[in-house]
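For reference, the structure is listed below as structure tokens.
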């Protein structure tokens, strides 16, 4: 729709962003309302736009709106336009560029055999190659989204049955994806062969639930059943649930950054509680790079669990030396110059009583460009801190993500071109330390990183990408790629 | 404007709400932009609507909008419509009822002698009596706000000069008020004789700043000068700053609940840091009603500082056993029934790993109706807690506030009709304790409450109102009053 | 409301504009819906904004919206917000300047004795003098409208009863006004002592109706009872209808331009059908300034009846030589330069088949600035007309109106500084003639204009103003006055 | 876009509606602004939505908005988003159903070889058959519009060059269509082999113009060159203009109803002025079914030219006995019941002075359901007419149109199941007559209808459809078809 003009969100552009959350319910009278709740619990995975597709046994209905789930999807009128006992939903981080609402999901297509709606979390690494091929044979694209590529692959598959067509399509795509889809009779859930992005299965009374994270099961009171396996396709019908494994067996490479930052602390992945992992990272940090100090201060909110873990392990008191203003939600859309120069203070303020005269250890989850860290160190120092030591709950972020996380290109990542001492100097900290890669693996319960067959995708810390990057290779070196605007 | 329909905010109706924040700048090129920032820092004092009035030496301009400050007041176009080196602003908690935007502040009037804009935090207790009197002599009211009463008192004063008219007006009003006003030549700041609501003076280069709290000085980098004194009128002009004390001397009765909950933790009042007071309350609580436990868990976010203080004093670990979803900002405006029944989970989720099998001490700031506490106790228990003990960082809230805080009527306050053991049983906690009134006074640095001349307004805990309640007395007993819809 | 930004309408600025229509119903279940219909029938009297105030026996409700009546006031939700058996309404031509919706009517005030809503058609000529006086004694003005002056006069009257206060107020105002007002118990209708603006009384079953024109009675099937008399106040209550005549008897001076252009052709005033008068004007024109021609072509739509009359009287065929595009309603709000230069063609196109090679008599209602006439003559000539003769259904417009019609200042009126031959040359017509002032009086049924005591207000043709122009006199010469932005 | 909710227009549902207008400019600096003007002149062909696609030599831009052209397309900001010297545009009558803005044109597709935008006036009669076939081979449809079918036919054509693909596509479609399209290098114009819908070629300086009617050339001052021929494809490039005739030669069957009602009176088709034809229809009517009377009254506005022709031919005076309220544009969207029952008076009012005591001949263009005619006859009679005779400027409308006109299904057409006397009795006229089919042909300049090879498409009067109706035949009898919601 051309009337639509998407306002750029006031997202913190010095943090990495998960780009989507997905959710689905099959077999509940309040399917759409439950989906709205699930998406609300997954709001941290995408704040730009949300969509729900529902099916009432005869037809599909779909609503997609810019903004937070709570802004529209909790109005009775909107939910009433989504009748039926089956629904899937999607949160989107970004709808960049002119494409506007056309890229918002779930996407819907009318196949010869019936309707099909799909919601996608991840990013394909051969979508552009496939798109050019499909266009050459007459497929018309309405959006710039990977998801539409998947739909066209299904539409043009030579197979007869929808499920066969779907499998045919996912066998041709590469990259990271967790999909939730709705056809006339089925709900499908699917993870890529490496299981890079999360997807869990839950049950609420007789209804099956699929969700990016367990916190979305909690909000509706659904029970956690299990994580969908890497490379698994689950098929949910009125008759029950079945699984397909259409890929060759491969080792799981779950995104380790989900533990560090993306996932909500009250979620758990494969049985590991995210909050506990983060506290453990803090404890590892204290052990690896402890330093004498008076107070452990988190950069709120993401640094809080690691800071608590650090404080416990070190015996140094934990205190809120930085106060975060939570009203920044959609704020400061077109800041004036005057406001731009105030910088980080819009969001954070020093709590002087805690900091004055103290040796402070600041704990944050990661450093991307370094600009935020620099401002925070300065703010803490201006509040009277005697020393400011920065401890980071992840290894240095040296490489871009091509699997559905919005990262700056490699050259913008401070760790790609500075040593740790250079970074310490740049952010003007008295000391700076990152957790080691093995320390991080220990915090998630492994003995160490298995260099031959890493247990997780950690490409952003190691440059070790677990798949081909076909779309990028033919354009030259990966590290010079522009930011991936259209990942979903 | 009739086109406007104000949506009820998703405010947590089981908490008390400060009803306004005020701010002013005199003598800075970016007066309106700085005011927007100041209001943003004061957003916790009112989220429904915001307004800014500016004066460029020749004329006034004014912008008032529903929603958060950041939604509109950071757009260049809006700030550009507010030229001049002088500006005042206002955040409003609630614009209840049909009055809509007419009640949004700053209010502006064109007197015979020139324009006058005023922003008000507080509530008058004789506004209705004055209004009826003014109407009888021909004044026409456009709003239902106390602030308009003040304006009419100025307009109809027999004095000649604006300042004399202003003093004439404030001598006739009763109740709690912190005012910031702008005339053709002056910025005025004023606190009621008891100083119930806060107001501080700051300086940014050559510009004078008035703000409800010090955190609004911090955001723009202004220096804190001092708190405006109870009963003081400061007059700021191009020539400098002067003070008037038009009232008989009386003892200060600052609202003690500002320390407990309303003020931002990084603010300080009369030199006392709010965060430190809250931690101290937690420590007092641990001393007064400590209990063996495995973990101290705050009800986020307001319970966090007291919980840290409790944990430190008791030596029991502090942990985030409840995770708050911060995306509830303006969300769930018209929840469906299905959603309404999910209740508190929209905002809070149990962090099971922290709670399972543990003896849990929950720390919250206050109990109003008790419904939220009940749900939180239940949620924590369902997550597997072995015991759930509730500790409250304020004494039982037994009486309504008539000084600018949105409280339910007395009969809705659970503490007005239940004993503490009854409340413990109602919320299904294994134990429940509130800080004592003297404990609270100790936490703010007093030896104890002076029963003959209390150092603070604590009427919500004691029923000891420091002023006449003229508007309410003639309608019968105070405790049966309806909620004060139009306080500001 | 500051959110509101009023877009300037694409009103034809080379025509005079009636500035308001008023309507009221007392005693009908569908009072608000009927009022919406009445206002729709009166839409030609004002297209910028409309408002309705209703009273349900206990309280007032009011809705005011920018745009056409049909855009909002026919939505069930809007009408449902206007309950009660009594309603008044208002159409507004213009809400110029920053005042925005604050000037939109009906205006409402809460007096000590109850609510009062009033809608006004006309313009006061001593409103500014009265306003200054009221401000000096403490009245605060919210708008720039005359109507508010009337309300403050009522509020500050020394009389006790509302009706006495109302009479007190209208005795102090000067100028032209037809008012419809609603109090807790009564509907009032009132015309100024000269009856410059129209107001009629109708009946629909048991309900009384007041309206600017009879066409607004027709649309709801109400019967025409009579015109309200100059200087009459009608008081309608549940008990029936009464009249007051609070002024000294004076001769009627009804606005003769209502017959020429403002009123709808299907209305009648004082028993004279407007359409018949216009045809008669055309016939008089043919007699006074007939010329040999092949076709009589109206400038649509306002020139049509006079052109038919001219054609009948002259025996020359009538034909639609100019086609009007009726979709220009609210269009071309911010035309590009390219569009601005296309000028009049947005609205009118030559119908070449009718014009080519013909001697054409164009009939229009009036000439204001002359720019439109010039473009139309050119367009007709370019379509191949052999001769173009312009005949105007009113005398030359030489003077501004101060009685509620939006006229340019005198110096912009082409007839104020050009002779008829000069005007003919300016608009490039082969001949130009206006009806004579006596011809116009004959067309409305008088023998001739009575120079000593003119039967109508014809100040725009004669400069003979029937009242003092107090607001303007003290600023200097009437003819140099700026356009009356705030008439209503 | 799901945010969009299309309000049903207050279209007069007792009239037939042309469903689209198209326009294009190639080679002018103000291409988009000129297209906006052209669409404004063609507004009578579609009022629901409008769109413009422009090309600046490198890329396409497109804007589509609900509402009148003048509501959005004359804002500088909108035109500025449409840069380039080439533009095409489209007015749409109806965007029924959930498809919302997705059906609004021009439609745009990105082919492997570049972008392509197309605007379509008409209706295909084999679109559904083609759509099913395309879907089976994997094409995904985003809309329910015929135009998308054409685009997919081009996309999947086996030919290499775009022009060959375009010709390949139009050879497969059946029905009525006038297309204007824009590719990277060319503007195309095309009429179906029978030339059912109009399309003319004009020139403005060096720029070529395509438009549905000549009135759209007039508004921008372009010269009429010629009508595009039935079955012709014109190809306009920077090098000039060429024509292709890819179909076998067939006789023209232009829609005769364009002369009766759809086209603007100031347009001409194939050199015949529409206004002159309508006057001639009135003259024929007077001859065929004249009756003694006092006044000839048109049902405005469409009946006016025929009424003038009737009056001239009969010597009976023409007068405006019915006044139309032109402010009904987008009004009365959700009328209350009270308003619905007032019916036709929203739009028309009797002009009593003209009708009272008179024998009245009413002239209207057509009768569809008969409900409007009945109300108008009643209104005229209530205004005092002695006799009411209805004369209709077209033959009885007995059959639905499948060529791009919004007609009710056959069973709703009063003439499909009543004789003329029955209709006269139903509408309560004293007499009723329609022009004969041969009379209509005479009015457009033919001697009579050639029964073997009719010169026009007159299927709505004769049931003689000039093409196959493939989509409808396989669903059973044509006359039971539901209304064609998605024609364009």
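The backbone N, Cα and C atoms fix where each Cβ goes, and this holds for glycine too.
When TrEMBL records B:364, B:365 as binding Mg(2+), the matching candidate from B:302, B:425, B:431, B:436 it lists for that site is B:302. TrEMBL lists B:255, B:457, B:460 as binding [4Fe-4S] cluster, and of B:190, B:401 the one it places in that same site is B:401. Annotated [4Fe-4S] cluster site B:255, B:401, B:457, B:460; additional same-chain residues within 8 Å of its Cβ mean position, judged by their own Cβ, are B:196, B:256, B:257, B:403, B:405, B:458, B:459. Neighbour density at the Cβ, taken as the number of other Cβ atoms within 10 Å, is lowest among the binding-site residues B:255, B:401, B:457 for B:401.
When the Cα atoms are compared, residue B:401 ([4Fe-4S] cluster binding site) and residue B:20 (active site, nucleophile) turn out to be 14 Å apart.
Closest in space to residue B:20 (active site, nucleophile), of the binding-site residues given as B:255, B:302, B:364, B:365, B:460, is B:255, taking the CA atom of each residue. Its Cβ taken as reference, residue B:365 (Mg(2+) binding site) is surrounded by 23 other Cβ atoms within 10 Å in the chains shown. In three-state terms derived from DSSP, residue B:460 ([4Fe-4S] cluster binding site) belongs to a helical segment. Taking CA atoms as the reference points, residue B:364 (Mg(2+) binding site) and residue B:457 ([4Fe-4S] cluster binding site) are 21 Å apart. Across the structure, residue B:255 ([4Fe-4S] cluster binding site) and residue B:302 (Mg(2+) binding site) are spaced 17 Å apart at their Cα atoms. Highlighted in sequence order, B:15, B:261, B:298, B:299, B:303, B:306, B:363, B:366, B:392, B:393 have their Cβ within 8 Å of the centre of the Cβ atoms of B:302, B:364, B:365, the residues recorded for Mg(2+), and are not part of that set. Within the same chain, residues at least 6 positions away in sequence whose Cβ sits under 8 Å from that of residue B:460 ([4Fe-4S] cluster binding site) are B:16, B:257, B:397, B:398, B:399, B:400, B:401, B:405, B:407.
DSSP classifies residue B:20 (active site, nucleophile) as strand under the three-state reduction. Using a 10 Å Cβ-Cβ cutoff, residue B:20 (active site, nucleophile) registers 28 neighbours. Reported as a whole number, the C-alpha separation between residue B:457 ([4Fe-4S] cluster binding site) and residue B:365 (Mg(2+) binding site) equals 17 Å.
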